[in-house]
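Listed in TrEMBL:
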type: DOMAIN; residues: 41-170; note: domain 'Cupin type-1'
type: BINDING; residues: Asn89, His94, Glu99; note: oxalate binding site
type: BINDING; residues: His92, His94, Glu99, His138; note: Mn(2+) binding site
Amino acid sequence: GLVASDPDHLQDFCVADKTSSMPTKNKREWIHAVNVTEVDFFFGGLANSAVINNLVGSVITTANVEKIPGLYTLGVSLARIDYQPDGLNPPHTHPRASEIIFVLDGELDVGFITTANKLISKSIKKRRHFCVPEGLVHYQKNNGVKPASVIAGFNSQFPGTQSIATTLFTSTP
């Protein structure tokens with residue numbers, strides 16, 4: 001059989017230079033190790049729930065390489081999603097990452113659609129998790145009467161998000 005994997009790291013870490021003029025999220029200049037501090041590896045933005053003031057009833061707070069430069073080349077990131085009752089994280093994909101969500105509070109209906117057009121869904125409660133394979137259309141909906149929140153983990157420093165409705169109806173021809 002054939003086996004392939006990413007190469008081992010050649011250094012302990014590589015901190016992205018947020019002031020770099022490099023054009024993409026996955027290709028940046030980096031800060032020399034002697035100039036790195038603890039600030040490059042810290043982000044406190046996931047600790048508290050966000051204020052929700054939109055029509056879908058959810059807010060996503062990301063913790064990716066843009067907010068934590070020390071994630072550069074590590075292949076991981078997080079997000080916190082807060083939902084009002086009946087709040088929705090509308091159908092979307094992450095083209096560069098699989099996702100695992102862990103429910104902090106509340107109860108959510110979650111699901112994804114396979115490439116064979118089969119819906120895989122489940123209702124999950126506090127302290128439960130659900131996984132979504134890379135690139136598949138998925139959603140989360142708070143069907144409870146109380147607010148809900150999750151932490152989502154990704155196997156990419158910048159997983160990307162493509163909202164299905166936005167992609168279909170606001171793209172330029």
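Every residue gets a Cβ built from N, Cα and C, even glycine.
Keep in mind it's a predicted model, so treat the numbers as computed, not measured.
The distance from the Cα of His92 (Mn(2+) binding site) to the Cα of Glu99 (oxalate binding site) comes to 12 Å. Looking at His94 (oxalate binding site) and His138 (Mn(2+) binding site), their Cα atoms lie 9 Å from each other.
Between the alpha carbons (Cα) of His138 (Mn(2+) binding site) and Glu99 (oxalate binding site) lies a span of roughly 10 Å. The sparsest Cβ neighbourhood within 10 Å, among the listed binding-site residues (His92, His94, His138), is found at His92. Shown for the domain 'Cupin type-1' (41-170): DSSP residue counts in helix, strand and coil, namely 11 helix, 57 strand, 62 coil. Other than His92, His94, Glu99, His138, the residues of this chain whose Cβ falls within 8 Å of the Cβ centroid of the Mn(2+) site are, in sequence order, Thr93, Ala97, Phe112, Val132, Leu136, Val137, Pro159, Thr161. The most crowded of the binding-site residues listed here (Asn89, Glu99) is Asn89, judged by how many other CB atoms sit within 10 Å of its own CB. Within 8 Å of the centroid of the Cβ atoms of Asn89, His94, Glu99, where the record puts oxalate, the same chain has further Cβ atoms from Ala79, His92, Thr93, Ile101, Val132, His138, Gln140, Ala152, Phe154, Pro159, Thr161.
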